[in-house]
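Features reported for this protein in Swiss-Prot:
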type	residues	note
TOPO_DOM	1-25	topological domain 'Extracellular'
CARBOHYD	Asn5	N-linked glycosylation site
TRANSMEM	26-49	transmembrane segment
TOPO_DOM	50-57	topological domain 'Cytoplasmic'
TRANSMEM	58-79	transmembrane segment
TOPO_DOM	80-100	topological domain 'Extracellular'
DISULFID	Cys97-Cys189	disulfide bond
TRANSMEM	101-120	transmembrane segment
TOPO_DOM	121-139	topological domain 'Cytoplasmic'
TRANSMEM	140-158	transmembrane segment
TOPO_DOM	159-196	topological domain 'Extracellular'
TRANSMEM	197-219	transmembrane segment
TOPO_DOM	220-236	topological domain 'Cytoplasmic'
TRANSMEM	237-259	transmembrane segment
TOPO_DOM	260-272	topological domain 'Extracellular'
TRANSMEM	273-292	transmembrane segment
TOPO_DOM	293-322	topological domain 'Cytoplasmic'
Amino acid sequence: MSPENQSSVSEFLLLGLPIRPEQQAVFFALFLGMYLTTVLGNLLIMLLIQLDSHLHTPMYFFLSHLALTDISFSSVTVPKMLMNMQTQHLAVFYKGCISQTYFFIFFADLDSFLITSMAYDRYVAICHPLHYATIMTQSQCVMLVAGSWVIACACALLHTLLLAQLSFCADHIIPHYFCDLGALLKLSCSDTSLNQLAIFTAALTAIMLPFLCILVSYGHIGVTILQIPSTKGICKALSTCGSHLSVVTIYYRTIIGLYFLPPSSNTNDKNIIASVIYTAVTPMLNPFIYSLRNKDIKGALRKLLSRSGAVAHACNLNTLGG
């Protein structure tokens, strides 16, 4: 980081959500509830997958990593937003802002790659069921997840290093509730053409290419399903990928609306609302989508509750006996 960058600005001001002061308490309670639901729901998914041996399959291996990523992704922005709403302290230090940008990009890209890996898993399961065990081996799954982490880290690091080279002069007010990369580039008084090129390249790598892979996977899945002779087989195939398809639809609809619509149709308030859906709502909904539409998850939850009930009953008997 150059001395010019260090002396130009030491902190930024986050304006937060476009809400009136009298609405702060309501929105604070709402987002706190959403964040707790996100954390607890995804932790429950991870716990169920860990405890139930029937869920030790490639699909749930990817799902457990997606749950961890959703917790982390939401934790990058929501706690800071809640703290700002509660204390009205809107300042964030320069290094803290750069760090938040890094982790936001990292977990956003990781989410995209993991969802793509899950689509590939569903493609193999439905289109090549006889070879599923030999293709989706444990080492293959680990490689897909590890590759997702490495590529996401590289993309985030590229953006962060380029961002750290920019100078920020007089204006240090960010009209957002977190340190959004696009908002930071607008504040810079340096040439951001290299940053814009990096954003375009990363969008192809981390958004469009995974989305294309998902479309191709589901295209093959659709063709295979149409060739299944029995209605029961079709329903089973659809139930296998229904939850994942719902997550893909919510995730990429928000991404496309936020980053790929023409600027003229996107006001700042609309961008903030889309970001809220992207960072707070979607990670909260994922556990419900996978649990409500998944017999394996619901079965594992019933087992966990029955075990908990049995343990509680045994503890009560011991207490009474003592």
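Each Cβ is built from the backbone N, Cα and C atoms, and glycine gets one as well.
The transmembrane segment (273-292) is not in contact with the transmembrane segment (140-158), judged by fewer than 3 CB-CB distances under 8 Å for residue pairs 6 or more apart in sequence. With the fewest other C-beta atoms within 10 Å around its C-beta, Cys189 stands out among the disulfide-bonded residues Cys97, Cys189.
Non-local neighbours of the topological domain 'Cytoplasmic' (50-57) in the same chain are 64, 296-297, 299-300, 303-304; each lies 6+ residues outside the stretch with a CB under 8 Å from one of its CB atoms.
With Cβ pairs under 8 Å as the measure, the transmembrane segment (58-79) is packed most heavily against 101-120, out of 101-120, 140-158, 197-219. Sequence-distant contacts of the transmembrane segment (101-120), counting only residues of its own chain at least 6 positions beyond either end whose CB sits under 8 Å from a CB of the stretch, comprise 59, 62-63, 65-66, 69-70, 72-73, 76-77, 144-145, 147-149, 151-153, 155-157, 159-160, 163, 178-181, 184, 202, 206-207, 210-211, 213-214, 217-218, 244, 247-248, 251, 278-279.
If you take every residue in the topological domain 'Extracellular' (1-25) and average the pLDDT, you get 74.
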